[in-house]
Amino acid sequence: MDAVTGRASMYRLATIALAAVLAMGLLLGALDIIGPDPIGLLATLGVVGVATLGANEIAARAARVVPHRESSVITALIIVCLVPPSVATLDLVGAAAAGVIASLSKYLLVWRGRHILNPAATGVWVAGLLGLTVGIWWIATPEMLPIVALGALLLLDRTRRLDIGVVLVALTVAIIGTRLVLTGATPLDAYLSVFVVYPVVFLAGYMLSEPITLPPRRWQQWLTAAVVAVAFSIPFSFALGPVLIYTSPELALLLGNVVAFAVSRRPGFALRLTGKRALSPTATEFRFAPTRPVRYAAGQWLELHLPHAADIRGTRRVFSIASAPSAAIGDSPEIAIGLRMPEQGSSFKRALAALEPGSLVRATQVSGDFLLPRDPAQPVVLVAGGIGVTPFASQLDELRRRGEERDVVIVVIPSGEDEILYEEVIEDSGARVVRLTRGELTAEGLREAVPDIARRRGYVSGAPGLVAAGRTALRAAGAKRVRTDYFAGY
């Protein structure tokens, strides 16, 4: 699956998945299989698209930033899936208002450069409070479920957020299904109906999974999913002055966003390029000075936003941090990333390579759970394929800087002949180094190279294919609690 979906950025994949949902809605509507009128759906799509992208362009100019058009396209497509498809003037005005509000929320409801609330949910909910539209989530029908579920699965798998999707869906099914059973429905009908008539799959796959509004740690993400599930599943309503607040999927998601913000408060920050160096003939390290103090854990990654004439992979990319966290604080803070620079690289990499020292780029988030065990007495085995060594370089250098002793074996799979990136960092750390070829990355090969592997926790980082092979080999060899490092490129 990664080999297919990995060819496009997460933004592009989300756009394709949403376009497929709307195309199916048009087809089924034209065949009178579902209710939405195709003409109304097309009219709503056009109006919401123009309103959302137009408001984004104006807001970006006012804020003196480069507009992120891919993000606006996704926001518009989601809104079209939520509001009533119609050619009626008032309905179109309400849908357009939702798009405008959604775009403005990205610039007004922000914390240090990051928006706090899901824009589409914000637009529909606020427009609903104003009496301009209502979220009907017309995509929640039995006929639409297959295409919605397929897209949700692809997005959750690509972002490695399948677990939080499962938490949201499972809790929602359990709570609403039980309520239906208590009112007299048969258990089978009650629990199955939640999948069919409630938009929980769409909410989980297309909206909750948005990385920018999710907290960085896994337990925080599970908490957020649980809050959304409870708020979605338990009916409530109350008057707030002249406004009636009541249960809705969009409000449930917004409440989850607030919880996510409260437990994380992850600000974006600017990075000033200070230099770059060749790690190998095909890999380069870029060094940046953060414009404010940045704290992160060794093994985490950051997302860079680099406005340019982007190809299909977009203007944002995720890279593991190669430098130690202690290097990012002090009088001369520095953050480094290492990446492959092929001759026919993406537009993002070409734009990054063209930057001159002093240029500014923006890091939209730092996140990740690819962390060494808290207990320093726990031995570990690290499997690194090619550029996948970067998070391990951060971890090993941090251990050296702290003077912390750990029992570490690092298994390096060179991507080229005798090409080990960050070799000096690895050697200085004192970790035992094992070199294997790609063909030797098997359970037998690991047991032979690391005889005590069964008492070690396993970690593997690299390209998706190597990560899959390494995870399988580590588990088969007996390593404990294997963790993988994977970047979705959202």
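The chain as shown is numbered from 1 upward.
Every residue, even glycine, has its Cβ placed from backbone N, Cα and C.
The transmembrane segment feature in TrEMBL is assigned to 39-60, 72-104, 124-155, 162-182, 188-209, 221-238. The domain 'FAD-binding FR-type' annotation in TrEMBL covers 266-373.
Note on the domain 'FAD-binding FR-type' (266-373): mean pLDDT across this stretch is 88.
Note: the stretches the transmembrane segment (188-209) and the transmembrane segment (39-60) are not in contact (fewer than 3 CB pairs below 8 A, sequence gap of 6 or more). The DSSP breakdown of the domain 'FAD-binding FR-type' (266-373), given as helix, strand and coil counts, is 11 helix, 45 strand, 52 coil.
Within the same chain, residues 152-153, 156, 189-191, 193-195, 198, 200-201, 203-205, 208-209, 214, 218, 221-222, 224-226, 228-230, 232-234 sit at least 6 positions outside the transmembrane segment (162-182) and bring their C-beta atoms closer than 8 Å to a C-beta of that stretch.
With a threshold of 8 Å between CB atoms, the same-chain residues lying at least 6 positions outside the transmembrane segment (72-104) that come near it are 11, 14-15, 18-19, 21-22, 25, 29, 36-37, 39-41, 43-45, 47-53, 55-56, 59, 119-120, 122-124, 126-127, 130, 132-139, 202, 206-207, 250. Residues 161, 163-165, 167-168, 171-172, 175-176, 179, 198, 200, 203-204, 208, 214-215, 244-247, 249, 251-253, 255-257, 259-260, 263 of the same chain lie 6+ residues outside the transmembrane segment (221-238) yet bring a C-beta within less than 8 angstroms of a C-beta in it.
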